[in-house]
Structure formats: structure tokens, C-alpha cells
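One structure is given here, and the rest of the page talks about it.
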Amino acid sequence: MKNVLSIQSHVVFGYAGNKSATFPMQLMGVDVWALNTVQFSNHTQYGKWTGMVIPKEQIGEIIRGIDEIGELKNCNAVVSGYLGSAEQVDEIIKAVEKVKSLNPQALYLCDPVMGHPDKGCIVADGVKEGLINLAVSHADILTPNLVELREISGLPVENFEQAIEAVKVIRAKGPKTVLIKHLSKVGKYADKFEMLLANDEGIWHLTRPLYTFAKEPVGVGDLTAGLFLANKVNGKSDLEAFEHMANAVNEVMKTTFELNSYELQLIAARKLIVNPVSSVKAVKIA
């Protein structure tokens, strides 16, 4: 069994961060070591929440504790997502470096959550800069959305062609694999959900159904990153991981839409996450 250290947010009610990523990865046969960066009552897009940011020192202490019992060497990958403070970036990179020193084959997937004020997603001051200046260069896999693609590349991304160029710029910064979670308004089709995957072998474009929610569910990016990484540690190629993830996420979104829910319906879709009925394929474009 493969082991993934998942350093993300935690919500008591609903699904975001580790609550979105852990169960689906476990369904894929991966043992998840969930380390929370915040503990909130609910995700921030409700507009109000209670809870706390986990002190940065606790991240290092917990990693050290796992190492002291001799288990850190068995970590196959690290994923980081929503961070509660800029200082946590440093602690996460220290954790990544420690894991890789013990297991040089371990992967680091950075989901560079930088906030989306228009959607009510708020991150602390300095997190964006820490991700850009430190985390990106350490990542083997980077999974930005459109906003993060612009911020990390430093380029305007107003159309599909510019998105491709921005991906190339980001790959030159260190990540071998870049997965754009949602092309949004720069995609080719207004009525589809579109994603990109880029690595040394080329660039792939994938479309899946787009569901129109009254309120967009949160945690889809966390689910996306988690499922992609679970497939990778299980030995799948980037393309295989990309296609399975896209189909599994589509099943979750379809189920959530049919149940008219604001929160992702992971439990209702649990069998479809492992064995999706959906069968969309990626198309190589470069």
C-alpha cells in the first residue's frame, strides 16, 4: 500500500481540503496521513466560519514524530493545499525535503491555493508569495487553476493559446507535470469543463460535462489533486491518472448536481470514484 502525506485544510462540516481529498484517495487504496493546516467549522465560501490556523511549529513537530517512529521513510508522496499562514510554506517545504531525503522517489504535488476573492475563498497574507517563491520550484506536480496560472507564470492569460504559453513558463520553473484544474473562460467551449495536462511528453486537453449549480460546490480542486496523485503513486502514467481523475470527478459532480447539494457528495458517489461510468478521453494537442 502506498502512503501519501496530505497537508491541507480541515473542515468539520462539509467538504474541502483534506475532507475532499482523503476519502477518495483511500478509496483508491492509498493510505493517507492527513495533516491539517487549519481547522474550521466549514469552508470560507459560506462567508462566515469559526476555528483556528494550526501553528506552523506543529507541522514540523508532527513530521518529526512520524520520523521518530521510523515511518516517514515509507511516505511515497506529499500533497499540499490550502495553507493557513505564510509561515506554513516554509514548514511544508522542510517536510518535502525530509521525505525526499529518506525516499528519493517520493513525489511532491503542490496545489497552489492562492484564494479567489470573487468566490469568497480567502487566504492569509504572504501565502501567495511563499507559494510562488518557494513551493513551485520544489513541486514535481503543480495543479493551478486559471487565477493561479496567471499569478505563477506572471503572464496574461486571456485565451487558450496564452494558457498554453503560461504552462510552458511554469514548467520551466521546476514542475515536470502541470495540471490546469479548470480553464474556465479561456477554454474552447462555453458549455464544457476543460482541463490541461502538460509534461515532457506533450500537452493534453480534456473536456467533460459542465454542471450549472445554483452555488458552485467547494473542494473540487482538492478532490482533483488528490485523485491525480493517488493514481500516480499507484503506478499510473500522467495521462492515465489524468483521465481516471477527470472521469471520477465528473461522477462526483454529476451526483452532487442530481442531489442538488452545495457540498460534494463523495459518499454517495463512492463506487463511481473507483470505477467511473464516464469515459472521457484527453486529446494530445502538442
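Note that Cβ sites are derived from N, Cα and C of the backbone, with glycine treated the same way.
In the three-state DSSP scheme, Gln45 (substrate binding site) falls into the helix class. What Swiss-Prot records for Ser9, Thr44, Gln45, Asp222 is substrate binding site.
Feature annotation from Swiss-Prot assigns ATP binding site to Asp111, Glu148, Lys181; the stated evidence is sequence analysis. A sphere of 10 angstroms centred on the C-beta of Asp111 (ATP binding site) encloses 29 other C-beta atoms.
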Task: Starting from the Cβ centroid of Asp111, Glu148, Lys181, which together make up the recorded ATP site, report each further residue of the same chain whose Cβ lies within 8 Å of that point, ordered by sequence.
output: Pro112, Val113, Leu142, Thr143, Pro144, Asn145, Leu179, Ile180, Gly221, Thr224, Ala225
Query: Of all the binding-site residues given, Ser9, Thr44, Gln45, which residue's CB has the most CB neighbours within 10 A?
result: Ser9
Field: Close in space, distant in sequence - Lys181 (ATP binding site), Cβ under 8 Å, 6 or more apart
entry: Thr143, Pro144, Asn145, Met195, Val220, Gly221, Thr224, Ala225
Query: Quick one, of the binding-site residues Glu148, Asp222, which Cβ has the fewest other Cβ within 10 Å?
result: Glu148
